[in-house]
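Engineer: Summarising the annotation, TrEMBL assigns domain 'G-protein coupled receptors family 1 profile' to 43-294. Positions annotated as transmembrane segment by TrEMBL: 27-50, 62-84, 104-122, 143-165, 198-223, 244-267, 273-296.
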Amino acid sequence: MELTNKSWFQPPTFLLTGIPGLEFVQIWISIPVGFMYLVALLGNCTILFVIKTTSILHEPQYIFLSMLAATDVGLSLSTLPTVLKFFLLNHREIEFHSCLAQMFFIHTFSSMESAILLAMAFDRFVAICDPLHYTVVLTPPRIIGIGLIAVFRGVLLMVPLPILLKRLPFCKGVILSHCYCYHPDVMKLACGSVRVNIVYGLSLVLCSFAIDSIFIVISYILILKTVLGVASGDGQLKALNTCVSHIFTVFIFYVPLIVLALIHRFGTFTSPLLHVTMANLFLFLTPVLNPLVYSLKTKQIRLAMHKILKSKANFM
């Protein structure tokens, strides 16, 4: 019995899981999954390149967009190694410390993305509600400061997660619910008291994602109030059109996150397929759709891309 108890404290090797019920077509699933990673990485890197090389895009709105693209690249790279190895090579094992590292980066980049979405909402609020002071409020030093706050907040809030898990023994199995490491999923396999982990996890959600989403909603309520005060219908549509891409991005980021949080908290009897689907939507959908949405809906980005492609074609 003593040997068994000691083995509980040995760092386990976890086993990753794919999509329930579709194990027999796993190799074929790797094709769309790989394509999604390709779109996410190429799309976001293109956004970064276009903004960096186009001087007219060196404005607060597009600088925040470049921060969002960089965060999406980081989020995609956090999950890419285990996801592709799982679907392509059927490699299910992930070592304990590697799992904690991946979990840290996934949650850190998610927190950073939430903070940047809030910053982008603030940018739209100032641009529409107080346009005369737009360049005064959002100066380059302040924009850099906002970006650094997003990074430091994400890192500082997420550092305790692997530390709190590392102190726990694991004896409830080694099979995870996803093809990557997610904090609530790993925590459920611990056999020690996880009260501290639960309390800190809830506090973390409230202090980051919940507060960010509340301020985003408040920003858009104030924006809507200002826009409705504009006499011209064309003016109202023009103002709201500048927010469409951001509203869509907020929607595809927060809706799967909220559903996933509810499933982990209350969904003991929910379908494992729903569980996995929501988690995958949360991690994969945003990095894939963000560059597509902003490329299609933002005229300045489209024109800059067209200009760069045209210059490259003339050069060749």
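Along the chain as shown, the residues are counted starting at 1.
Backbone N, Cα and C define each Cβ position, glycine as well.
TrEMBL does not curate its annotations; it predicts them automatically.
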Engineer: Could you please provide the mean pLDDT value for the domain 'G-protein coupled receptors family 1 profile' (43-294)?
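Structural biologist: When the pLDDT values over the domain 'G-protein coupled receptors family 1 profile' (43-294) are averaged, the result is 88.
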Engineer: Quick one: find which recorded stretch in 27-50, 62-84, 104-122, 244-267, 273-296 has the most Cβ pairs under 8 Å with the transmembrane segment (198-223).
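Structural biologist: Highest pair count goes to 104-122.
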